[in-house]
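The structure under discussion is supplied below as structure tokens; questions concerning it will follow.
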Amino acid sequence: MNQTVLVVNSGSSSIKYQLVDPADGHAIASGLVERIGEGSSLLRHTYGENKIEEDNPIQDHAMGLERVLDLFSSIGPNLHESNVVAVGHRVVQGGAFFDRATVVDSDVLRTIEALVPLAPLHNSANLTGIKVAQRLLPNVPHVVVFDTAFFQSLPAASATYALDREVARKYAIRRYGAHGTSHQYVSKTVADHLGRMDLKQIVLHLGNGASASAVDAGRAVDTSMGLTPLEGLVMGTRTGDIDPAAVFHLARNAHMSIDDIDNLLNKRSGMKGLTGQNDLRIVHSMAEAGDRNARVGLAVYAHRIKKYIGSYAAVLGGLDVITFTAGVGENDAKMREMATEGLEFLGIKLDHSRNRASGRGIREISRDSSKVKVLVVPTNEEWEIARQAVAAI
Ligand code: ADP
């Protein structure tokens with residue numbers, strides 16, 4: 001019987017999970033628990049044709065995961081008969097300590113705990129999820145897979161902020177990146193697809209969160225997210241790059257607290273701040289109906305991506321392939337067009353009918369004459385976590 005890995009992603013008020021075959025990425029079962037601790041919670045579990053959705057209060061992660069394990073018993077598949085060889089946990093921040101997936105022990109838990117100040121909401125939620133899962137599934141190894149690990153290879157020139165060296169050292173301020181599991185999966189998939197390991201690649205992960213990376217022969221050499229996932233591209237609700245002096249300006253003149261500004265930059269900005277909507281599908285229809293804010297919002301979003309493409313081509317000293325992935329990257333042909341328009345001088349030529357053709361799986365959307373290949377590759381972070389978990393045990 002094939003091995004399986006239970007992949008768990010615990011957020012502050014949610015748990016997402018998938019039972020994955022690490023050999024081919026097949027999701028045998030999947031589900032989520034949302035709005036934990038908020039009165040009415042949502043639980044959804046899918047196993048082949050069998051689906052269940054419940055709307056009961058779930059007080060905490062322990063209760064949520066217990067309920068999930070009940071559903072595996074009642075709806076299937078039975079975990080005791082599924083050859084589960086590991087539980088793979090997504091962890092957002094691994095700091096400078098983890099450059100690969102690692103089997104959980106008490107030292108690992110202490111280190112993740114020590115990193116909570118760098119990712120207060122995420123790492124503490126991830127920790128809760130790991131501890132609960134360890135208690136409920138004590139007989140399998142638990143492995144942590146860090147969103148930052150792929151970017152531990154960044155050269156000092158790109159990982160270092162030009163900040164007072166002592167302050168940066170004392171408070172561990174540097175560029176850690178995020179979405180690393182996705183960038184790693186996609187860049188590896190591209191190398192396999194093109195049959196070349198020495199590629200100079202730009203990966204654009206455009207989802208609700210968005211990030212770009214520059215990958216040279218499989219090694220990440222730059223990325224747009226920094227100390228936290230706030231830096232870089234324009235996102236659903238986050239500003240991306242902004243002059244940090246805007247924070248001082250708001251504190252001094254708008255008398256906003258640090259928490260208010262944190263909330264503004266992370267939750268009320270990006271496309272939502274510019275247009276009122278964070279879903280690009282809605283923003284495009286607003287723009288088509290003549291909404292000026294929506295047009296400007298899309299232009300700002302595309303302009304930022306284009307800036308990163310140009311700067312990463314320079315960082316890499318050349319470019320072989322650009323790959324779009326995640327919700328916007330995989331589905332939004334118009335945005336792919338806007339973000340690559342006018343880049344023919346870099347050897348980037350989109351084929352408009354290939355770009356517009358709908359399809360699943362890996363797709364080439366550049367012209368045959370394009371020096372730089374442009375691809376769409378569906379990301380699969382769960383598969384990558386499952387593969388890394390198996391490699392770690
Ligand atoms: P997350 O970052 O939450 O994992 P996804 O990668 O699934 O999210 O991306 C979700 C976003 O993808 C949505 O908010 C929406 O903006 C965008 N999206 C999904 N489908 C389309 C589409 N057909 N056209 C444009 N944007 C899309």
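From the backbone N, Cα and C atoms, a Cβ is placed for every residue, glycine too.
Just so you know, TrEMBL annotations never went through curation; they're auto-generated.
What TrEMBL lists as active site, proton donor/acceptor is D147. Annotation comment: TrEMBL describes N9, E381 as Mg(2+) binding site. What TrEMBL lists as ATP binding site is K16, H205, L206, G207, N208, G209, D279, L280, R281, G327, V328, G329, E330, N331. Marked as substrate binding site by TrEMBL: R90. TrEMBL lists H179, R238 with the feature site 'Transition state stabilizer'.
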For the binding-site residues listed here, N9, N208, which shows the highest count of neighbouring CB atoms within 10 A?
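Going through N9, N208 one by one, the largest Cβ count within 10 Å is at N9.
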Considering the recorded positions H179, R238, R281, which residue's Cβ sits among the greatest number of other Cβ atoms within 10 Å?
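The most densely surrounded of these recorded positions is H179.
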Of D147, L206, R238, E330, which recorded positions come close to ligand 1, meaning Cβ under 6 Å from one of its atoms?
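From D147, L206, R238, E330, counting a Cβ under 6 Å from ligand 1 as near, there are none.
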Which one, from the binding-site residues E330, E381, has the smallest tally of other C-beta atoms lying within 10 Å of its C-beta?
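If we count Cβ atoms within 10 Å for the binding-site residues E330, E381, the smallest count is at E330.
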Select the most exposed residue of K16, R90, where exposure means the fewest other Cβ atoms within 10 Å, treating these as the binding-site residues.
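Ranked by other Cβ atoms within 10 Å, the binding-site residues K16, R90 bottom out at K16.
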Taking the Cα of E381 (Mg(2+) binding site) as the centre, which of the recorded positions listed as K16, R90, H179, N208, E330 lie within 10 Å of it?
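Taking K16, R90, H179, N208, E330 one by one, the ones whose Cα falls within 10 Å of E381 (Mg(2+) binding site) are R90, H179.
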Of all the recorded positions given, namely D147, H179, R238, which is spatially nearest to D279 (ATP binding site) at the Cα level?
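If we rank D147, H179, R238 by Cα distance to D279 (ATP binding site), first place goes to R238.
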Given the recorded positions R90, D147, H179, R238, which one's Cα is the least distant from that of E330 (ATP binding site)?
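Of the recorded positions R90, D147, H179, R238, H179 has its Cα closest to that of E330 (ATP binding site).
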Return the count of C-beta atoms lying within 10 angstroms of the C-beta of L206 (ATP binding site), excluding that atom itself.
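So the Cβ neighbour count for L206 (ATP binding site) comes to 27.
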Look at each of the recorded positions, D147, D279, and point out the one with the fewest other Cβ atoms around it within 10 Å.
D279
Near D147 (active site, proton donor/acceptor), which recorded positions out of N9, H179, R281 have their CA within 10 Å?
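H179, listed in sequence order.
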Tell me the Cα distance separating K16 (ATP binding site) from the residue listed as 'substrate binding site', rounded to the nearest angstrom.
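Each residue's Cα considered, the residue listed as 'substrate binding site' and K16 (ATP binding site) end up 10 Å apart.
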Need the DSSP three-state call for D147 (active site, proton donor/acceptor) to compare against my parser.
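Looking at the DSSP assignment, D147 (active site, proton donor/acceptor) belongs to neither helix nor strand, so coil.
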Please list residues from the chain of V328 (ATP binding site) whose Cβ is under 8 angstroms from its Cβ, counting only those at least six apart in sequence.
L206, G207, A210, L280, M335
